[in-house]
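For reference, the structure is listed below as structure tokens.
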Amino acid sequence: MNSKIFAVLLLLGLLSCVLSDQYCPKSSITACKKMNIRNDCCKDDDCTGGSWCCATPCGNFCKYPTDRPGGKRAAGGKSCKTGYVY
């Protein structure tokens, strides 16, 4: 009996994880002057409080995930540096 309850709870937990996809919010900005491009983060570890490192035309910024697709997560990588990008 206990194993059946555990199996059902486990299945419900996995199902809720699959159905609750999270995304970076879509940026309202479509373009940015090169002199204004700034990276506040390069990877999710650079952000705090459950926020993600999301890419925008003006650089990478820590944003809280949303359930609406459209945004883009920052790719990071060795060439990514925080601060202004010239």
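All residue numbers here begin at 1 and follow the chain in the order shown.
Note: Cβ is positioned from N, Cα and C throughout, glycine not excepted.
Residues annotated as disulfide bond in Swiss-Prot: Cys24-Cys54 (among others). Taking all protein chains in view, 26 other C-beta atoms sit within 10 angstroms of the C-beta of Cys54 (disulfide bond).
Cys58 (disulfide bond) carries neither a helix nor a strand DSSP state and counts as coil. Around the Cβ of Cys58 (disulfide bond), a 10 Å sphere holds 16 further Cβ atoms from the protein chains shown. Annotation source Swiss-Prot lists disulfide bond at Cys32-Cys58 (among others), citing similarity to another entry.
The local packing around Cys53 (disulfide bond), expressed as other Cβ atoms within 10 Å of its Cβ over all shown chains, amounts to 23. Here Swiss-Prot flags Cys41-Cys53 (among others) as disulfide bond, drawing on similarity to another entry.
DSSP assigns Cys80 (disulfide bond) to coil in the three-state reduction, outside any helix or strand. Within the same chain, residues at least 6 positions away in sequence whose Cβ sits under 8 Å from that of Cys80 (disulfide bond) are Asn39, Cys42, Lys43, Asn60, Ala74. Per Swiss-Prot, the feature disulfide bond maps to Cys42-Cys80 (among others).
Sequence-distant contacts of Cys62 (disulfide bond), defined by Cβ-Cβ distance under 8 angstroms and a gap of at least six in the same chain, are Asp40, Cys41, Asp46, Cys47, Thr48, Ser51, Trp52, Cys53, Cys54. What Swiss-Prot lists as disulfide bond is Cys47-Cys62 (among others).
Per Swiss-Prot, domain 'WAP' is recorded for 21-66.
Annotation comment: Swiss-Prot describes 1-20 as signal peptide.
Mean pLDDT, taken over the domain 'WAP' (21-66), works out to 95 on the 0 to 100 scale. Each residue contributes its Cα atom, and for Cys24 (disulfide bond) and Cys58 (disulfide bond) those atoms are 15 Å apart.
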